[in-house]
Amino acid sequence: MGLQIDTGAILANHAALAAKAPGAIAAAVVKADAYGLGAAHVAPALYASGVRQFFVALAREGRAIRPLLPPDAQINILSGHLEGEDLTGLTPVLNSPAQFFRDRAMRPGQPFAIQLDSGMNRLGMEASEWAAIRSEAMAARPAFIMSHLACADEPDHPANAAQLAAFRAMTDGCDVPRSLAATGGILLGPEYHFDMVRPGVGLYGGMPFAGARPVVQLSLRVIQTRAVASGEMVGYGATWHAARDSRIATVDAGYADGILRALSSSGVQLYAGDRGCPVVGRVSMDLITVDVTDLDTVPDRLDLICPAQPIDRLADLAGTIGYEILTSLGARYPRTWR
Ligand SMILES: *Cc1c(COP(=O)(O)O)cnc(C)c1O
């Protein structure tokens, strides 16, 4: 069993997204342990390929990768400056006037950035709050000013243009770098790129970057196979009964490994090469049962994530998004990098 991660594909996806925003610096978002794939590996690899701007959600995540990156890597903390936080060597993205005043009192002269709310109403200063502190904040020279799009994965959504206009209205005339676009925003076009783009999911092979190279392959070991006679049941709740004499394989991962229980009875398959075998019965905590009746030989391993079943296909089957599939993949898997 194991998660195989293609570092070269992550770097190629970064380069491809950077090439779509040629005038802008291409940062890399490595929050949530690089979307579950391992920030301690991903961030240094991106640094070696030239990335200097990194984003994480929490100061704790920033402290974890700080020693792994040379000093000229800037690690930006999206949650900003929370009370009592150690931000040594990190750049908080300040989200409210309270954070701004706390940060300037505690870290005078240290780098900071500003997040404005352009309509998503999640993080960042409101236009009125920004107006009140703008001249003081600009005098302290933020590293950049950013905002975040709520609907960038829907190119025709009217919120995109509305947020763009709101961001412009709040920041035109500020002579510091500006940043609005994540993966989806990069794909919306040049007016969304400003001076820095912040791709996350696209680096890891997820939608909305349809051109991404796949990054993850997940192979599960077959522990046991058995003959199940027509009419017999398989798994918790007896939700599946064999419609014919069948061969069932049991593999060594389940929902405790991030294989969402919602995938039970969803049509999800495990792959022997390009041959799909239906998952039958419920996904249990540590095990999944698969109908391998139609295989001539049962291999040692079956793949859950592979070119035939990429993360966004799994996400559709589970009723979620690729982001949640990636970040759910547990720390239980051995990881191999290539
Ligand atoms: C998560 C996040 C990103 C990256 O978004 P993707 O859709 O994964 O590219 C960029 N900026 C902010 C503020 C984020 O929270």
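Here the Cβ of each residue, glycine as well, is placed from N, Cα and C on the backbone.
Pulled from TrEMBL:
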ACT_SITE  Lys31  active site, proton acceptor
ACT_SITE  Tyr236  active site, proton acceptor
BINDING   Arg122, Met285  substrate binding site
DOMAIN    215-338  domain 'Alanine racemase C-terminal'
MOD_RES   Lys31  N6-(pyridoxal phosphate)lysine
C-beta crowding around Met285 (substrate binding site), within 10 angstroms:
12
What are the non-local neighbours of Arg122 (substrate binding site), defined as same-chain residues 6+ apart in sequence with CB under 8 A from its CB?
His148, Ala150
Inside 10 Å of the Cβ of Lys31 (active site, proton acceptor), count up the other Cβ atoms and send me the figure.
19
Provide, as an integer number of angstrom, the distance between the C-alpha atoms of Tyr236 (active site, proton acceptor) and Met285 (substrate binding site).
11
Taking just the CA atoms, what is the gap between Met285 (substrate binding site) and Lys31 (active site, proton acceptor) in Å?
26
Which whole number is the mean pLDDT over the domain 'Alanine racemase C-terminal' (215-338)?
96
Hey, does DSSP put Arg122 (substrate binding site) in a helix, a strand, or just coil?
coil
Return one of helix, strand or coil for Tyr236 (active site, proton acceptor), based on DSSP.
helix
Could you tally the C-beta atoms, other than its own, that fall within 10 angstroms of the C-beta of Tyr236 (active site, proton acceptor)?
15
